[in-house]
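> I'd like to ask some things about the structure below.
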Amino acid sequence: MDSPIQIFRGEPGPTCAPSACLPPNSSAWFPGWAEPDSNGSAGSEDAQLEPAHISPAIPVIITAVYSVVFVVGLVGNSLVMFVIIRYTKMKTATNIYIFNLALADALVTTTMPFQSTVYLMNSWPFGDVLCKIVISIDYYNMFTSIFTLTMMSVDRYIAVCHPVKALDFRTPLKAKIINICIWLLSSSVGISAIVLGGTKVREDVDVIECSLQFPDDDYSWWDLFMKICVFIFAFVIPVLIIIVCYTLMILRLKSVRLLSGSREKDRNLRRITRLVLVVVAVFVVCWTPIHIFILVEALGSTSHSTAALSSYYFCIALGYTNSSLNPILYAFLDENFKRCFRDFCFPLKMRMERQSTSRVRNTVQDPAYLRDIDGMNKPV
């Protein structure tokens, strides 16, 4: 991902993940907007551009959004992981994938305080090591999340369209193995981000950048290559697979009235499929804008307006907001998660409700007795 400092410039600039992107100074003109870099690669057209003024309110608003994402996302995703570990009935194949998604989201929310600080200070004050860690977490989240959602969609496709094969494929153990493979595959990008990530002092605007550092001679080539790879492998291919899976599932659901031998099982199957579809749809909605921005910038079709730059910041914020939305979706759309959340948050109330339900059940099951005029108990 491009640094906002350089994204709308014609010359090479540091490429970074969204978490490492540095915003311009909220109270100043856009740093380095029309200034050529040290190798003089900026063209005369760039040099004539008027600098864009960014409202001081934008970094404050984004920081407020990140603060909410940090609290809701970290607490919510931690709670999701806890209930899956705590309750045996929650250890299903689908929930194992949800655990993986919650883990990736919880990790990326831990970077929110660092990003908020950068937005307010317009510089990276945390050193080189933390820079590498934050960039790496960001790329891990990006790839792990979309790969997990893709596997969740494939999992639902098998459950709906191939119920017999699902008995062998859809097991918690195999879901755990697939999750491990997802993290190993994402490591090809995450480890590369650790190696390439680092800090760089920009003396012309007196800021420290945290970004991916490519060789200066081939910077433009590596920058474009990275953007295209991220767009294709972290967005286009997974989304196409998801679309195919859900298209086939919709056709299957329309063609049969009863997917399984039981109406209860059929309701559960459709309910879980709907949950996964909503989670996937929300992810795509949240991340599509920033991917489009990056693709447009890579193709050189960029706008130099203040509105475009402001939109870019909010697209980044929208992507991170997704990490705090999933626990809310589970709570509203899945009865099992809702029940477990209530059990954790209100243990005394839930215990009393279970005891009350148990007493009612026992009363219904036991025969009622009436006392006759002789004082003898007779069942009714």
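Cβ from N, Cα, C; glycine included.
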> Based on Swiss-Prot, are D218 and S305 on matching sides of the membrane?
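Yes, same side.
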> For C210, which disulfide partner does Swiss-Prot record out of C131, C315, C340, C345?
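So the cysteine paired with C210 in Swiss-Prot is C131.
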> Candidates are N39, N322; I want to know which one Swiss-Prot annotates as N-linked glycosylation site.
N39
> What else in the chain is close to the topological domain 'Cytoplasmic' (86-95), if you only count residues 6 or more beyond its ends and a Cβ gap under 8 Å?
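Distant contacts of the topological domain 'Cytoplasmic' (86-95): 152, 155-156, 170-172, 174-175, 272, 276, 336-337, 340, 344.
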> When you check the transmembrane segment (223-247) against the transmembrane segment (58-85), do you get at least 3 Cβ pairs under 8 Å, counting only pairs 6 or more apart in sequence?
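Not in contact, no.
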> What else in the chain is close to the topological domain 'Cytoplasmic' (155-173), if you only count residues 6 or more beyond its ends and a Cβ gap under 8 Å?
91-94, 96-97, 245-246, 248-249, 252-253, 259-260, 269, 272-273, 276-277
> Can you see whether the transmembrane segment (174-196) and the transmembrane segment (96-119) are touching - at least 3 CB pairs under 8 angstroms, only pairs 6 or more apart in sequence?
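Output yes: the transmembrane segment (174-196) sits against the transmembrane segment (96-119).
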> Can you tell me how the residues of the topological domain 'Extracellular' (120-132) break down into helix, strand and coil by DSSP?
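Secondary-structure breakdown of the topological domain 'Extracellular' (120-132): 8 helix, 0 strand, 5 coil.
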